[in-house]
Amino acid sequence: MFWTLLLALILLLLLQAQLLVCLHELRASLTSVTSATPSGTSNASALQRLPGAIIIGVRKGGTRALLEMLNLHPEVEVAKNEIHYFNLDENFRKGLDWYRAQMPVTLPGQLTVEKTPGYFTAPLAPKRIWATNPAVKLLLIIRDPAERLVSDYTQVLHNRIQQNKPYQALEELLLSQGHINPKYKALQRSFYYQHLARWLELFPREQMHIVDGEALIRNPFPELQKAETFLELPPRIKPDNFYFNVTKGFYCMLSAGHDKCLDESKGRPHAPLSNEAFQKLCRYLRVPNQIFFRMVGQRFDWC
């Protein structure tokens with residue numbers, strides 16, 4: 001009996017010793033893994049997040065310039081491409097996870113911004129965006145709607161020439177029997193008040209910031225200051241982030257010693273339109289513009 005108990009005790013001590021060895025090896029392994037991760041970092045903190053701000057338009061209003069200039073801010077990360085999630089059914093059907101996957105990786109405290117100018121005129125976009133995030137901040141950059149129309153046509157014309165497709169002269173599309181053709185789609189996109197009304201049915205006016213596109217081109221810094229304030233960002237963008245490029249004829253950006261100018265399509269000469277036709281367009285847009293001014297509580301120096 002004595003020898004049986006002694007043998008059992010010896011076996012128990014051996015088992016305990018083996019267990020201590022295993023625990024020591026496990027602790028060493030965990031320490032090695034922990035030391036391989038830089039102190040103060042967390043893989044879970046860098047994520048693709050839904051945008052906290054969206055540049056919704058207008059088409060040919062300066063959305064790319066605004067996005068690139070906001071990207072100068074260290075607390076802003078931008079989606080590089082237009083996502084077209086809320087205005088194209090085939091993309092919207094892909095779901096919110098797909099939309100999030102198009103966003104840049106951000107750290108806590110950084111603001112994700114995306115821009116798709118087609119959102120402003122898309123009938124379903126306001127409801128879809130509101131249903132996704134009713135607190136999202138909206139940026140709308142606008143320019144003289146007559147100039148915007150000509151720029152819109154110029155872009156379409158350039159694309160059709162590149163693709164060897166037939167095209168009509170702007171005046172043929174804009175005028176019908178000497179009168180403005182209200183069915184011309186580029187003209188309809190310049191009726192800002194009609195599209196804005198859909199957004200203001202859902203979003204309060206203070207949740208939308210209007211950027212003067214022409215002022216942004218003439219002198220970017222003051223417009224960026226206003227945008228920083230609206231987005232509740234600390235003032236980090238400075239006047240010396242911009243310099244006027246005499247060759248290109250517009251401002252370029254400078255950050256950390258590297259300069260960046262918008263691509264060659266920006267500042268492209270407009271397609272020809274007679275002064276008579278342009279003045280007809282200006283007169284036609286005068287009343288729609290006044291309605292828009294009252295809606296936003298601002299006035300702009302348009303034709």
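Using N, Cα and C of the backbone, Cβ positions are placed for all residues, glycine too.
Caution: TrEMBL annotation is automatic and unverified by curators.
Under the heading domain 'Sulfotransferase', TrEMBL lists 53-283.
For LYS60, GLY61, GLY62, THR63, ARG64, ARG143, SER151, TYR251, LYS266, GLY267, ARG268, PRO269, HIS270, the entry in TrEMBL reads 3'-phosphoadenylyl sulfate binding site. In the three-state DSSP scheme, HIS270 (3'-phosphoadenylyl sulfate binding site) falls into the coil class.
DSSP assigns LYS60 (3'-phosphoadenylyl sulfate binding site) to coil, not to a helix or a strand. Counting every protein chain shown, 23 other Cβ atoms lie within 10 Å of the Cβ of LYS60 (3'-phosphoadenylyl sulfate binding site). Among the features that TrEMBL reports, active site, for sulfotransferase activity is placed at LYS60.
Look at TrEMBL and you will find CYS252-CYS261 tagged as disulfide bond. According to its DSSP assignment, CYS252 (disulfide bond) is in a strand.
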Checklist outcome for this item: Averaging the pLDDT values of the domain 'Sulfotransferase' (53-283) gives 96
